[in-house]
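Here is what TrEMBL records for this protein:
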type	residues	note
DOMAIN	1-479	domain 'Metalloenzyme'
BINDING	9, 60, 415, 416	Mn(2+) 2 binding site
ACT_SITE	60	active site, phosphoserine intermediate
DOMAIN	91-267	domain 'BPG-independent PGAM N-terminal'
BINDING	116, 145, 146, 177, 183, 246, 247, 248, 249, 308	substrate binding site
BINDING	374, 378, 434	Mn(2+) 1 binding site
């Protein structure tokens with residue numbers, strides 16, 4: 001048995017027609033064909049099905065973790081919410097408070113998107129720590145990607161309204177996530193953000209600055225970093241807490257501060273060995289799909305471009321950097337562009353070539369991520385996203401033909417939705433964020449009766465991403481470990 005698993009990033013499915021659905025509107029001849037010819041379902045990829053709050057949209061981290069672990073893993077956002085509501089957060093913060101520093105800087109994404117952070121956590125930190133520090137400075141990273149594109153001042157007002165009893169904090173800076181949360185080694189972006197927070201150049205008024213940025217054509221995602229008080233600049237003797245709970249987009253900026261010898265804590269473990277100062281220690285996810293394949297001597301190849309490389313390795317393997325025995329990893333460079341709308345195909349063709357090479361080498365298990373539907377979807381550019389979807393569909397066709405030729409079972413799924421909703425009909429705005437829609441699951445086992453209509457062939461189901469790994473082990477004829485909570489779909 002040989003299996004090729006393809007994860008289409010940001011490829012959800014609308015059950016009802018929507019304006020600017022880049023999946024439905026694209027010429028997806030291969031995915032339509034496969035969904036009609038083979039067993040295909042719509043499966044859950046959000047909320048409680050991936051360890052998040054009910055109704056919370058899925059994301060790449062939890063999607064790949066759930067796919068690779070074969071179970072629902074309670075996510076950091078829920079663990080942190082529980083710590084604040086129970087009051088146990090004070091125990092988590094004890095080592096930070098014990099350093100007895102006078103000045104604390106809180107750095108993170110100010111958003112209620114719940115993907116990388118939550119504004120409620122920032123509010124909770126301000127109110128919890130205000131009595132332990134003489135001054136608290138908040139360095140806001142603006143979102144515009146997992147939220148509406150021009151919503152930052154709403155979150156600013158939310159902080160001010162909910163921190164009335166804390167008088168010793170101030171908003172020290174703002175900068176878009178385009179700069180602060182780069183994960184593709186764009187050092188110029190990280191350096192610009194770092195230099196702003198540690199410099200003495202200041203602007204007068206944050207709301208006036210935001211308005212000016214909007215007038216210049218920027219949205220929250222790409223607001224140029226600015227400091228609003230030289231008093232709030234980060235100095236070497238100060239203490240920093242990064243309050244994002246998701247790791248991948250915090251690594252570069254955290255490493256920059258560590259390399260420059262600043263004192264810092266991180267909310268969660270961003271990378272093993274990066275720092276010992278972690279507020280919420282990681283829980284170990286054992287007996288993942290990759291672990292079980294290793295124990296059974298099965299060769300595996302993990303393929304992605306740099307924008308999603310951590311997802312098919314670190315997250316897919318249960319939150320560990322460890323490379324398994326018999327595991328190969330192939331990374332394809334993401335092209336350096338200011339916006340992926342400029343290059344909607346991204347590196348999809350190169351990803352497909354790597355997959356096909358691994359197929360011709362008869363690797364027993366291949367997992368690959370196609371980033372374009374999600375990354376281009378996040379730009380809000382509908383036409384570019386349609387092109388991204390069509391390019392990925394073309395690659396699926398090439399991979400499918402090679403799977404037939406080399407006797408592979410092809411499985412196609414997605415980690416979460418995005419590209420299928422490019423317009424928010426309620427707010428009458430471009431939508432760039434993830435969705436809570438179900439996602440495809442196709443396995444190339446023929447249906448009893450092929451659907452011949454021109455639409456999709458999916459059957460709506462209550463399966464979820466947690467059922468993908470058990471299905472793969474079932475096809476390999478391997479008993480699932482007791483830690484798996486998912487069930488085989490076939």
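Note that Cβ sites are derived from N, Cα and C of the backbone, with glycine treated the same way.
All TrEMBL annotations are machine predictions without curation.
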When distances run from the Cα of residue 434 (Mn(2+) 1 binding site) to each of the binding-site residues 60, 146, 247, 249, the nearest one: 146
Fewest-neighbour residue among binding-site residues, criterion Cβ within 10 Å, set 9, 146, 374, 415: 146
Where residue 374 (Mn(2+) 1 binding site) falls in three-state DSSP terms: helix
Nearest of the binding-site residues (183, 247, 249, 374, 378) to residue 9 (Mn(2+) 2 binding site), judged by Cα-Cα distance: 374
Cα distance (Å, whole number) from residue 415 (Mn(2+) 2 binding site) to residue 247 (substrate binding site): 17
Most crowded position, judged by CB atoms within 10 A, among 116, 183, 378, 434 as binding-site residues: 434
Site with most surrounding Cβ atoms, counting all protein chains shown within 10 Å, from the binding-site residues 249, 416: 416
Subset of binding-site residues (146, 183, 374) lying within 10 A of residue 60 (Mn(2+) 2 binding site), CA to CA, in sequence order: 374
Length of the line joining the Cα atoms of residue 416 (Mn(2+) 2 binding site) and residue 378 (Mn(2+) 1 binding site), in Å: 13
Lowest local Cβ density among 60, 247, which the record lists as binding-site residues, within 10 Å: 247
Rounded Cα separation (Å) that holds between residue 146 (substrate binding site) and residue 378 (Mn(2+) 1 binding site): 8
Pairwise Cα distance maximum in Å, substrate-binding residues per record: 116, 145, 146, 177, 183, 246, 247, 248, 249, 308: 17
Whole-number mean of pLDDT values that fall within the domain 'BPG-independent PGAM N-terminal' (91-267): 96
Cα separation, residue 116 (substrate binding site) to residue 378 (Mn(2+) 1 binding site) (Å, whole number): 15
Nearest of the binding-site residues (116, 183, 249, 415) to residue 374 (Mn(2+) 1 binding site), judged by Cα-Cα distance: 415
Separation of alpha carbons, residue 116 (substrate binding site) and residue 415 (Mn(2+) 2 binding site) (Å): 16
